[in-house]
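**Q** TrEMBL lists these features:
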{"type": "TRANSMEM", "residues": "26-48", "note": "transmembrane segment"}
{"type": "DOMAIN", "residues": "41-289", "note": "domain 'G-protein coupled receptors family 1 profile'"}
{"type": "TRANSMEM", "residues": "60-78", "note": "transmembrane segment"}
{"type": "TRANSMEM", "residues": "98-120", "note": "transmembrane segment"}
{"type": "TRANSMEM", "residues": "140-162", "note": "transmembrane segment"}
{"type": "TRANSMEM", "residues": "203-224", "note": "transmembrane segment"}
{"type": "TRANSMEM", "residues": "236-259", "note": "transmembrane segment"}
{"type": "TRANSMEM", "residues": "274-292", "note": "transmembrane segment"}
Amino acid sequence: MATRNRTEVTEFFLLGLSSWAEMQPVIFGIVLAMHLVALMGNALLVIVALSDPKLQTPMYFLLSQLSFIDMFLTTITVPQMLVHTLSVNRIISFNCCMIQLFCFMAVGSMEGHLLAAMAYDRYVAICDPLRYSAIISRGLCLRITLTSWVVVSLNSLLYSVLVTRLTFCGNQVTHFFCDITPLLKLSCTRPVVNEMLIFTEGVAVVVSPFFFILGSYARIAVAIARTHSVAALRKALSTCSSHILVVLLLYGSVIYMYLRPSSSYDLDQDRQVAMFYTVVTPMLNPLIYSLRNQEVKGALRRLFRKLCISRNFQPGSQINGGWQNIS
C-alpha cells in the first residue's frame, strides 16, 4: 500500500450527493419535498398513536417510537445536505462530524431493535393471543426501548471513539454526511480493528435483531401452517405485511451498505443507497403503516374530524356566522 501524506485533520469537506452543479437545484427541491413529507407523516403518526384512545396498545407505542426514530434519522443528515447542496462551503468540523457519526449509528441501529420488538409483539398476538395481555404490556415495551437505547448508544460510542483515534490522509469525505465507511477510507493505514468490529460486534448489535425478526416470522409461519386455515393466513398477512415491508426496506439498505467486504465498497453507490435509507425510507414508513392499517386510518379520520369540528366552533367563527345570519 502506497504511503499517503498524513495531516492533522480538524475539519472535513463533504463532497455531497452529486458533483454536477446544474443538478444541485433539482436535488435540493426533490430532497426538501421528501424531507418535509417524512417529517409531517411521522409526526402525524406519533400524534395519532399517543392521543387516540383506541391506539393505546403496546404495538402502537412501538410504532410511535419508530416514527420518532425516522424523524430523528432524517433530521441528522438531510438539513445539512440541503444547506451544502446550494453552498460552496461544505465544511464540517471534526467534532461535529464525530457527533453526527455517533447519532446516525445509534438511531439507525435503534430502528432495527424497534422492528425486532414489533416482530415479537406480532408473534405473541398471532401464536399466543389468549396470553397476549399478560405477556406484552406498555411497561415491557418501555423497558425494551430504554435497554435498546443503552445498547446502541454504547455501540455507537465505541465506533466513534475508534474513528477519532485514526490518522487521516486527507479530509474530503465522499458522502453527504459523516458515515463510518467513507471515514475509514480516509485512514492512512488499513483500520483493521474497526473492520473487525464491524463484522463481529457490529453484526451482533445491528444484524441480530434481523435474525430475531426472521425467527419470529418463522414461528408465525409454522403456527399458521398447523391450522390449515386460509382465513388465518389472510389475517396474519394483513397484520404483518406492513411490518415485513418496512423490515425489507431497512435491512436491504443496511446489509448492502455495511455488511459486505471492504474491497467491494463503491462510495458513489453507497451515497445513493444512503439517500434511499435516510430520506426515502422515513418518507415511506408512515405511508405504509397508514395506508395498509385500518386502525390507523380510522384514528386519522377521527383526528381530522376533531380538528374540523374545533375549527367550525371557534368563538370568532360563531360570532361572524351569527351576524351573517342576522343580516
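Every residue, even glycine, has its Cβ placed from backbone N, Cα and C.
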**Q** Would you say the transmembrane segment (274-292) and the transmembrane segment (203-224) are touching, if the rule is that at least three C-beta pairs must lie under 8 angstroms and be 6 or more residues apart?
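**A** Touching, no - the transmembrane segment (203-224) and the transmembrane segment (274-292) miss the threshold of 3 or more Cβ pairs under 8 Å.
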**Q** If we call contact 3 or more Cβ pairs under 8 Å (sequence gap 6 or more), are the transmembrane segment (274-292) and the transmembrane segment (60-78) touching?
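**A** Stretch pair touches.
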**Q** Could you pull out which residues elsewhere in the chain have a CB under 8 Å from any CB of the transmembrane segment (140-162), counting only those six or more residues past its ends?
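**A** For the transmembrane segment (140-162), the sequence-distant neighbours (Cβ-Cβ under 8 Å, at least 6 residues beyond its ends) are 58, 61-62, 65, 98, 101-103, 105-106, 109-110, 113-114, 117, 121, 180, 191, 193-194, 197, 201-202, 205.
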